[in-house]
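Visitor: Just passing along the structure, written as structure tokens.
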Amino acid sequence: MVLIRVLANLLLLQLSYAQKSSELVVGGDECNINEHRSLVFLYNSSFGCGGTLINQQWVLSAAHCDMENVQIYLGLHNLRLRNQDEQIRVAEEKFFCLSNKSYTKWDKDIMLIRLNSSVTYNTHIAPLSLPSSPPRVGSVCRIMGWGAITSPNETFPNVPHCANINILRYSVCRAAYRGLPAQSRTLCAGILQGGIGSCMGDSGGPLICNGEIQGIVSWGDDICAQPHKPVHYTKVFDYSDWIQSIIAGNTTATCPL
């Protein structure tokens, strides 16, 4: 299951916000209002995804979150209450590993978005650093978003929820999901006993370890947070050179094989 959701409701409020948003965490608690300054919401009135601000003009998300006419919301907390620090941008240009936007569940599910204008940092908006090294197995990392907090009967909050999960050995994911290759440019992460995990609509959001974005929510089981059913996250460290090359202006840079 790719962790994306068709939103049933159009955005409400003055500039229209969704009553049911598209990024969340089963088993988490409401995030501190200053904890998710890099978290962004991608929305086009039908679909929603998460993303991560990595500098004033660039957002990182998942390739399967690509959508037309997307608006990018920064500085959000409660989707039904406006705050003065919010900013909205659109995508000026999108970059993918392959020109045909091809990706698999274990490779190249990554999208880099150049915003139409630079973001102004403030109390509720700040970038997240790219990884300096990959996370170790056993590392405790943070997930966050506004999506489903129960599964399979989905309920959605108005505020983002956060939770801690662990980096697991890739062999755990291979045992949980048949057909995976021997190696992958993904991270396997979750709680083995279940009860906590990324869920429907969390796609594109961050996996944060030691203050760095180490993963991008990619896919998991149809029923979220089940025992021995962790989630796959695109391994950002493997794409760091590609990301930095694109940002530096080398728009023909290629992803790792």
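Placement of Cβ uses the backbone N, Cα and C atoms for every residue, glycine included.
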Visitor: Say which of Cys173, Cys209 is recorded by Swiss-Prot as the disulfide partner for Cys188.
Guide: Cys173
Visitor: Around the C-beta of Cys224 (disulfide bond), how many further C-beta atoms are within 10 angstroms, looking at every protein chain?
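Guide: Other Cβ atoms found within 10 Å: 30.
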Visitor: Going by DSSP, is His64 (active site, charge relay system) part of a helix, a strand, or coil?
Guide: helix
